[in-house]
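**Q** Below you'll find the structure I mean.
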Amino acid sequence: MFPSNLSQLIGEKYSNALKDGHLHFTDTTTKKTKDAKSGMPYVLSYAPSLMKKPERGDQPERNPFEDPEPELTVLGDIADSNYRLVLNKFPIVAEHSLLVTKEFQDQKSPLSPEELYMSYQLLNTLDDEDEGKRHMVIYNSGPSSGSSQDHKHLQILPLPHNFNSLQDKLCSGKEHFLPTFKTEPLQSDKVSFAHFVVPLPESPEAVDQDLLAMVYISLLQRTLSFFQDWTNEQPDLQDRKGYNVLLTKQWMCLVPRSNAKAESLDIGFNSTGYAGLVLIKQEETFKKIQEDIGLIQQSLLECGFPSTAGQRSTEYQY
């Protein structure tokens with residue numbers, strides 16, 4: 001599905017685009033840390049220059065995926081010419097790429113089995129165990145998910161070297177299973193926010209469209225149930241419901257979202273925040289978090305829903 005030298009193609013396209021000014025990399029100050037109470041590891045990325053970048057909704061935006069720049073296009077035709085692979089024009093992580101639909105599709109639409117399998121194949125092609133290279137695909141769906149564009153796109157990011165996320169720890173030593181009414185997805189009882197994780201088969205040959213679709217649907221059912229359960233307390237949730245999808249070769253995770261931004265700390269999250277990769281733009285916020293790492297858990301909960309670890313699912317109706 002993807003050329004075996006895809007990593008090289010992305011690297012060359014990225015280097016040329018950076019050199020010629022077609023993309024703009026933002027350097028960050030990074031710090032690895034861990035919340036002792038929740039056990040959740042973090043990589044904090046401080047980028048004060050991003051404070052100058054307009055927030056979503058601050059100004060009219062053109063659709064950058066409708067006709068992407070050739071200088072940023074890695075693969076112009078994927079899956080019967082329905083998708084493109086392009087570079088992020090404003091990355092904070094080198095070689096950050098995006099899988100984009102050619103025709104407009106709404107970012108609120110669910111992922112198709114084909115999109116899930118393409119995402120997995122991207123990971124299978126780009127990951128290099130010998131060199132310690134791992135990637136994560138994320139999908140921010142809906143107004144509260146932290147999505148910045150309405151045109152359907154998935155993002156592919158290199159993970160920090162030797163970074164073991166919450167999801168990695170949950171899935172360590174676990175074999176693949178499909179959640180049912182009797183078998184719940186994995187969820188840590190130490191973190192504040194709801195998150196549903198399923199380990200994937202170790203062998204890529206055992207992973208196909210059907211398996212990924214069944215895992216996704218089982219996690220999506222549990223995710224969407226929050227918007228039914230919480231409608232009485234927050235009636236507007238149905239209008240702004242959203243969720244995050246996080247995918248590596250080792251696991252799939254879904255996180256229901258209630259807000260894109262935590263007002264208490266003035267910080268926003270997309271999918272990456274729920275893997276422990278936290279982008280911070282304000283100096284005051286960066287200082288507060290370093291003084292009390294537990295503030296991140298509070299903010300992630302403020303943007304999500306309370307953890308249901310140890311509870312059994314009730315009936316789902318869609």
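Cβ coordinates come from backbone N, Cα and C, glycine included.
Just so it is clear, the model here is predicted, and its values are computed rather than measured.
TrEMBL lists these features:
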| type | residues | note |
| --- | --- | --- |
| ACT_SITE | HIS153 | active site, nucleophile |
| BINDING | LYS53, ASN88, LYS89, ASN140, GLY146, SER147, SER148, GLN149, GLN155, ASN270, SER271, THR272, LEU277, LYS281 | substrate binding site |
| COMPBIAS | 52-65 | compositional bias 'Basic and acidic residues' |
| DOMAIN | 3-162 | domain 'Ap4A phosphorylase 1/2 N-terminal' |
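So where do these features actually land, and what's packed around them?
**A** In three-state terms derived from DSSP, HIS153 (active site, nucleophile) belongs to an extended strand segment.
Taken residue by residue with DSSP, LYS89 (substrate binding site) is part of neither helix nor strand, so it is coil. All protein chains included, LYS89 (substrate binding site) registers 17 other Cβ atoms within 10 Å of its own Cβ.
Within the model, the domain 'Ap4A phosphorylase 1/2 N-terminal' (3-162) carries an average pLDDT of 93.
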**Q** Tell me the Cβ neighbour count for SER148 (substrate binding site), meaning other Cβ atoms within 10 Å of its Cβ, over all protein chains shown.
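**A** The answer is 17 other Cβ atoms.
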**Q** Hey, what's the Cβ neighbour count for HIS153 (active site, nucleophile) at 10 Å?
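**A** Here the count is 22.
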**Q** What number of additional C-beta atoms lies within 10 angstroms of the C-beta atom of LEU277 (substrate binding site)?
**A** 25
**Q** Using a 10 Å radius around each Cβ and counting other Cβ atoms from all shown chains, which of the binding-site residues GLN155, SER271 yields the largest count?
**A** SER271
**Q** Using Cβ-Cβ distances, find the residues under 8 Å from GLY146 (substrate binding site) that belong to the same chain and are at least 6 apart in sequence, listing them in sequence order.
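**A** Non-local contacts for GLY146 (substrate binding site): ASN140, GLY242, ASN244, ARG257, ALA260, GLY268, PHE269, ASN270, SER271, GLY273.
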